Amino acid sequence: MTRVLNFSAGPSAIPLSVLEQAQKEFVSYKGMGFSIMEVSHRGKVFDALHNNAIEKIKAFYGLNDDYSVLFLQGGATLQFAQVPMNIYNGGIAQYVNTGIWTTKAIKEAKIQNINYEVVASSEETKFDRIPENIRFSDDADYAYICSNNTIYGTQYKDLPNTKCPLVVDSSSDLLSREIDFSAKNIGLFYGGAQKNAGPAGVTLIIIKKDLANRVKHNVPTPLRYTTQIEANSLANTPCTFGIYMFDLVLDWIKDQGGLSAINKLNEQKAALLYDIIDTSSFYKAHAKTGSRSLMNVSFTTPSAELDAKFVSEAEKNSMIGLKGHRLLGGIRASIYNAVCLKDVQTLVNFMKEFERVNG
């Protein structure tokens, strides 16, 4: 079986060993004679899998009992509305705008008519950097950021230090590095699974219990974090297969050496790409040096025609998902956890040859 090299931005590459394990167990989970998709979400079999996955996440991120871990549905996009709906407390919410996903989150804050403020933005420079010297109010209800920006290829190298609760949309760099939740005063941390933690359909929510308790009585019951905390994510039938796949990915991360080892590998992969871009007069990165993402590398050739040719010829060489987002254009290589170093080196070799022929 020949598999392509998958540089898609999401849904994206899943570790082959995870796919093979899921294939092996698809009809008979652990030899029990049934698929994990066929059992009750309240039964002992799924309950054990579900709670084991929660404990693995707590171990990876060093979470104490102040935090609840939830596996929800509705996509990370739902969180743009659910965050202010649940934790806005009548003061001010502060946002940093670094791309389309924070723009959408800010739009939802406006729709809910809360008192919000955009304290920093890189929109004027086409979101090519993470703003510097961001200042949040100590008494803000919350500070909101998106830690990695898939379209523009920017990423916070270090999360901000805040005295107010920090809300982090980590959809595109979830489980890619170690994070000290306590030191960063993270109150709410979330991300969709489909980039680094399996297929689409599950949104991981990590929230401080006291923050969840801010919810007002007029918030619909299904949209309250407290509803799902009290039910251990089972207030409605969860995406059982998605959680199963998420759990397999967690095991894979552990086998790779944990988040520290994953981060080192991600640094090596990104360095290969940025090195060829920076030493070339043919390729140009969109993101400024100090803000460059380890997950998404957005770049261009000298023309839109060559960009399209690059993507087309890459596909002929079994490399898919390299077309840039419609808002930015160009080329984008998404090198999430499951993309191995060898795959990135293959792309780099292709880039060298493409430049030689077309430069």
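Here the Cβ of each residue, glycine as well, is placed from N, Cα and C on the backbone.
For the pyridoxal 5'-phosphate site that TrEMBL gives as A76, T77, W101, T150, Q194, N236, T237, the extra residue drawn from D169, D173, D255 is D169.
Separating the Cα atoms of T237 (pyridoxal 5'-phosphate binding site) and K195 (N6-(pyridoxal phosphate)lysine) is a whole-number distance of 23 Å. In this structure, R42 (L-glutamate binding site) belongs to neither helix nor strand by DSSP; it is coil. Cα of T77 (pyridoxal 5'-phosphate binding site) to Cα of K195 (N6-(pyridoxal phosphate)lysine): a span of 14 Å. R42 (L-glutamate binding site) sits 34 Å from W101 (pyridoxal 5'-phosphate binding site), taking the C-alpha atoms as the reference points. Cβ neighbour density within 10 Å is lowest for R42 among the recorded positions R42, K195. Taken together, the residues in the domain 'Aminotransferase class V' (4-347) have a mean pLDDT of 98 on the 0 to 100 scale.
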